[in-house]
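Undergrad: Questions regarding the structure given below will be posed in turn.
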Amino acid sequence: MAPAVTIDVVEPTTLPHKGGVPVGNGKPRVDYDLEVADGKWKDFSFHPIRESQVARAMARRYFNDLDTYAESDIVIVGAGSCGLSTAYTLAKARPDLKIAIIEASVSPGGGAWLGGQLFSAMVMRKPADKFLSELGIPFEDEGAYVVVKHAALFTSTLLSKVLSFPNVKLFNATSVEDLITRRDESGGLRIAGVVTNWTLVAMHHDDQSCMDPSTINAPVIISTTGHDGPFGAFSVKRLVSMQALEKLGGMRGLDMNTAEDAIVKGTREIVPGLIVGGMELSEVDGANRMGPTFGAMALSGVKAAEEALRVFELRQKQNAV
Ligand code: 48N
């Protein structure tokens, strides 16, 4: 079965740079379709390009995104299974909102590329199968739970759908290293955005002189930075260090039945403007961990999205900045 891709015939082009010198070998390119390579590859060449075109294509778009999302409607911190589920639910429900996702790792997806103990399959307890069906992800039905044959199938499908939304921008390899705060009239604290830096910079504040961050303003922040780990539970730890939370409850031992209900039901606005979901919440509430079952991550994301829209509408009414 021939792949659909064909490479069209192009004449050697001259590029808009000094002298307009034709690039490539000057010979007309040969038509290709990928299944017929015999004897054609020897004359194969890509369309011509100048390196600066690539540099500009990337830089223009990235800096345009930074400018566009400097004022976002909603920021999601952490692109793990909960953060991505939140982003999908929000972006689908509200295509009018600008949604920025800040992910510390180069590779988004958090802990959802594998099941438990590096095994491939991903288990989700019903009714989380409804979320899989919404995404069109196939699974085996085992009665009270379903199994996706490879966790990467879930995460890659969810990620591709999130990235396809025109109102979503993923800033990966970028860390949230602080929160923007405001005081309301009664002196209460409200979260009004995030402070960002390249993750590689954020990891070297201790061995370099000051490398200041940048910022994103937003009326609603959703933090899904996972449970403890090098970056885990970032926002709730920061709330404690700025004395907006007295202390963390600390994640408890593994109990699937207790943990998953608690995480979904407990997903909420922890301080005005900041919603916490996924395993970061276990660090706040002292919830049990659930181990290698991911339904709570998906449905905590759905709940976080609903909470975010409630808070967003409220902020709109308050005209909060
Ligand atoms: O996958 P995680 O760690 O977090 P969740 O809550 O989306 O999913 C948790 C889930 O994978 C489990 O832990 C399962 C269910 N096991 C439970 C158990 O009992 O063991 O994703 C968090 C993401 C990661 O990609 C981090 O890189 C990112 O958040 N992150 C940050 N991104 C930007 N700025 C930060 N400060 C930051 N901190 C973490």
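Cβ coordinates come from backbone N, Cα and C, glycine included.
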Undergrad: Look at the substrate binding annotation in TrEMBL, where Cys82, Glu103, Ala104, Val176, Asp212, His227, Met279, Arg289, Met290, Gly291 are given, and name the residue from Gly111, Gly273 listed for that site too.
TA: Gly111
Undergrad: Within the chain of His227 (substrate binding site), which residues six or more apart in sequence place their C-beta under 8 angstroms from its C-beta?
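TA: In sequence order, Ala233, Met251, Met279, Glu280, Ser282, Glu283, Arg289 meet the Cβ cut-off.
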Undergrad: Can you tell which of Cys82, Ala104, Val176, Cys210 has the most other C-beta atoms within 10 Å, given these are the recorded positions?
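TA: Top count of Cβ atoms within 10 Å goes to Cys82.
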Undergrad: If you draw a 10 Å sphere on the Cβ of Arg289 (substrate binding site), how many other Cβ atoms land inside?
TA: 17
Undergrad: Got a sec? Which of Ala104, Cys210, Gly291, the recorded positions, have CB under 6 Å of any ligand 1 atom?
TA: Ala104, Gly291
